[in-house]
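According to TrEMBL, the feature transmembrane segment maps to 12-36, 56-78, 85-109, 195-221. Marked as disulfide bond by TrEMBL: Cys146-Cys183, Cys147-Cys169.
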Amino acid sequence: MHTNRKALNMIKYLILMLTFMCVVIEIIQIVVGAVLHRLFATYTVFIDNDFVRATHFLIAVGIVLVFLSIFGFAAIIFENVIMIFLYAGMFGLVVILEIILASAAFSMYNRVDSMLTRRMNVVIQQFHTDRFMRASFNHMQTSMNCCGIQSYVDWTNFHPDRELPTSCCRRFEDGCMPHERGCHAPMSDFIGSRIHMIATGTTIIIVFQVVCIITAIIMGARLSVYKRRLREAGMSTGIATAPEPILTEKPKY
């Protein structure tokens, strides 16, 4: 019985350590989701809504898992078999949602180029009629040091009777000297790298969480067997085993 208790304690401390690490990872996930949401909000006219919703989902799942991990802490510390299995089951459901998120992120990564081409064409056409789109395109050209979609020639194609926007110019020497590269390539790298980070990061987190779930199931099963044996032996099934009887008489020499 002592050997069983020792093995159970080792599993208990291992899963407590894994659960604590899981809390830290989920807090990082929430922060990353918030930062990515802020970045995507800056270029919202160039990004489809599902890209922004992916950051919302990342934050929401992180918050749910933080509270779920706290529930797991309580279940493991008090060695409640039902709570441990409930923790593992709910954790498994959330992991399924994260698998869906990772799959969607990989899918979005593959269509970044086509999305940017479509959205940029719309924005550049409405550049002189929509203040918000004009401000967004100017901000992109200034921050990315680029001009147009594929090159500065795009401005002549879309607006032949107008001059280049000031945000296109890298310097002014006898007129505007535009940036030679277009904005499509740097924006594709910018958005694609963030989406790829969501996809790969979520995949790594899923692997770690599966280890937590398996460890919780093992502890729940071991704890259930251990408590059953204690009941069969007529001993307490609490966290600590029953103390040894205290001597009430002095030993006789």
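Every residue, even glycine, has its Cβ placed from backbone N, Cα and C.
Bear in mind that the values here come from a model prediction, so they are computed numbers and not experimental data.
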(request) Give me the Cα-Cα distance between Cys146 (disulfide bond) and Cys169 (disulfide bond), rounded to a whole Å. (result) 9
(request) Report the same-chain neighbours of Cys147 (disulfide bond): residues 6+ apart in sequence with Cβ closer than 8 Å to its Cβ, ordered by sequence. (result) Gln141, Trp155, Leu164, Ser167, Cys168, Pro178, His179, Glu180, Arg181, Gly182, Cys183
(message) Are there residues at least six beyond either end of the transmembrane segment (195-221) with Cβ under 8 Å to its Cβ atoms? List them, or say none.
(response) 8, 11-12, 14-15, 18-19, 21-22, 25, 29, 32, 36, 51, 54-55, 58, 65, 72, 76, 81, 84-85, 87-88, 91-92, 94-95, 98-99, 101-102, 105-106, 108-109, 112
(request) Write out the long-range same-chain contacts of Cys169 (disulfide bond), meaning residues 6 or more apart in sequence whose Cβ is under 8 Å from its Cβ. (result) Cys176, Met177, Pro178, His179
(request) Could you pull out which residues elsewhere in the chain have a CB under 8 Å from any CB of the transmembrane segment (12-36), counting only those six or more residues past its ends? (result) 55-56, 58-59, 61-63, 65-66, 69-70, 72-73, 76-77, 79, 194, 197-198, 201, 205, 208-209, 211-212, 215-216, 219
(request) Please report the number of other Cβ atoms within 10 Å of the Cβ of Cys183 (disulfide bond). (result) 27
(message) Suppose we draw a 10 Å sphere around the Cβ of Cys146 (disulfide bond). How many other Cβ atoms does it contain, all chains included?
(response) 25
